[in-house]
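Positions annotated as Zn(2+) 2 binding site by TrEMBL: Asp46, Asp307, His311, Asp348, His423. The annotation Mg(2+) binding site is assigned in TrEMBL to Asp46, Glu295. The annotation active site, phosphoserine intermediate is assigned in TrEMBL to Ser96. As annotated by TrEMBL, Zn(2+) 1 binding site applies to His349.
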Amino acid sequence: PALLLPPDAEKTPDYWNEGARKRLESVLASQLAAQRAKNMILFMGDGMGLSTMSAARIYKGQLAGSSGEESVLAMETFPHVALAKTYTIDRQVPDSAGTGTAYLCGVKTNAKTLGLSGAAIYGKCCTTFGNEVDSILHRARLSAYAHSASRSWYADANMPKEALRDGCKDIAYQLVHNTDINVILGGGRMYMTPRQTPDPEYPEDSAQNGTRKDGLNLIAKWLSSKQGARYVWDKKGLDAVEADSVSHLMGLFEPKDMKYELNRNASTDPSIVEMTEKAIRILRRNPNGFFLFVEDDLIPCAGGRIDHGHHNGRAKQALMEAVMLDRAVARAGELTSPSDTLTVVTADHSHVFTFGGNTLRGTSIFGLAPKKAKDKRAYTSILYGNGPGYSIRDGGRPAASLPAAEDKDYRQQAAVPLETETHSGEDVVVLARGPMAHLFHGVQEQHYIAHAMAYAACLEPYAAEPGCRAARRASSGTQCFPQPLLTLLALCVAAYMVGG
């Protein structure tokens with residue numbers, strides 16, 4: 001591909017000076033939004049570390065025909081920024097379950113456990129009871145979602161006999177029975193239906209059949225427990241749902257994972273942008289407010305799969321997912337107001353993903369470094385510290401080449417051979433806009449995110465803080481949000497589970 005050159009205007013000092021002046025004037029004119037939040041939206045890009053955000057910014061610009069580096073993600077326009085430390089109680093480099101418990105429940109815990117304190121032991125069902133911790137969902141509507149000693153217990157078929165005997169429930173079961181969530185959109189149909197139940201989209205493929213051993217049809221159970229509830233399984237069905245006509249909507253669009261955006265059939269499967277829009281249009285009808293959680297990679301319900309792309313060493317898939325998450329952020333901003341909606345964008349952890357090699361301005365983010373390596377072979381700007389991209393042929397590293405490196409499924413090279421690329425342990429960015437967004441500043445422990453959001457919305461344990469009494473009167477209820485609508489978007493069956 002041709003090198004995209006920067007505009008000539010950038011060669012003059014006036015260009016940069018004027019741009020900085022405008023930014024200064026904008027910051028100086030801004031005011032802190034100290035009122036309480038009516039609505040809360042949390043966007044979680046699984047594995048969306050700072051290097052991923054930077055590369056996605058360039059990719060976004062290059063998709064639009066520019067050199068890319070000067071592009072701006074929608075999330076980057078948020079005025080308040082913090083860093084979050086992602087370690088878990090037992091690990092320097094975290095997983096998605098432990099970090100999910102931190103940013104949603106407000107306490108750090110051990111890796112591979114979710115909705116439980118650090119007293120719980122991974123895989124030990126009996127350590128669940130008494131160690132449950134409440135999520136923001138609980139604080140918003142005095143309900144809770146999943147508490148599990150293993151993030152891998154998607155359905156009862158995935159649980160050991162000992163755990164079932166001890167009374168633990170799988171995460172799909174908890175989704176339907178533990179909390180009243182108004183909008184559930186994502187994938188994971190097979191974990192909701194009895195074994196051998198044909199999938200509506202792939203009825204001839206027995207590998208996509210339901211997996212539950214207990215004979216329960218959790219979709220039917222959910223529908224029967226909520227008046228006027230709707231269930232859809234494809235884009236056509238989602239498009240047909242009138243936002244003004246339903247208060248409860250479940251949409252499960254794949255047996256397991258949602259497809260990567262670059263692989264998605266746009267006529268049958270909705271995008272994360274479309275799911276976000278439908279959820280907000282339903283939720284914003286409630287005068288008491290709503291809490292929306294948009295998570296891009298908690299399988300089996302991923303609406304986007306940044307984390308999976310990185311684990312597979314396929315950077316183009318990962319970066320397209322990050323671009324799509326940012327488009328969902330932008331669309332949410334168009335459908336809500338920063339005057340009453342606190343929007344937070346962050347990641348649970350990062351990856352051993354980087355780009356470098358002294359590449360020239362405007363070089364494709366998936367292109368080659370301008371000079372060959374010491375082994376006299378070309379290499380891509382994007383590289384992984386470890387993962388499946390490690391390769392030795394004829395005693396050496398194979399040379400990277402174009403156009404192969406631009407393919408959506410190309411695996412960038414890795415330094416250490418592993419079946420799957422790993423997370424990394426550095427801090428992640430937290431960006432915020434709206435009421436009390438200034439609470440997100442400095443370098444914080446990751447569990448602080450849940451506390452700052454709870455404070456902003458007058459939720460427990462901060463319901464009695466200054467300013468909350470007026471908020472409660474305004475909502476005509478006993479709490480700031482007596483009955484807010486809740487939704488987990490792209491978090492349908494499994495919370496804080498696999499994603500690395």
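Every residue, even glycine, has its Cβ placed from backbone N, Cα and C.
On a predicted model such as this, the values are computed, not experimentally measured, just so you know.
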Candidate binding-site residues Asp46, Asp307, His423, pick with smallest Cα gap to Glu295 (Mg(2+) binding site): Asp46
Integer Å distance between the CA atoms belonging to the residue listed as 'active site, phosphoserine intermediate' and His311 (Zn(2+) 2 binding site): 13
Rounded Cα-Cα span from Asp46 (Zn(2+) 2 binding site) to His349 (Zn(2+) 1 binding site), Å: 7
Length of the line joining the Cα atoms of Ser96 (active site, phosphoserine intermediate) and His423 (Zn(2+) 2 binding site), in Å: 9
Other CB atoms within 10 A, centred on Asp307 (Zn(2+) 2 binding site): 30
Other CB atoms within 10 A, centred on His311 (Zn(2+) 2 binding site): 25
Which listed residue (His349, His423) has most other Cβ within 10 Å, given these are binding-site residues: His349
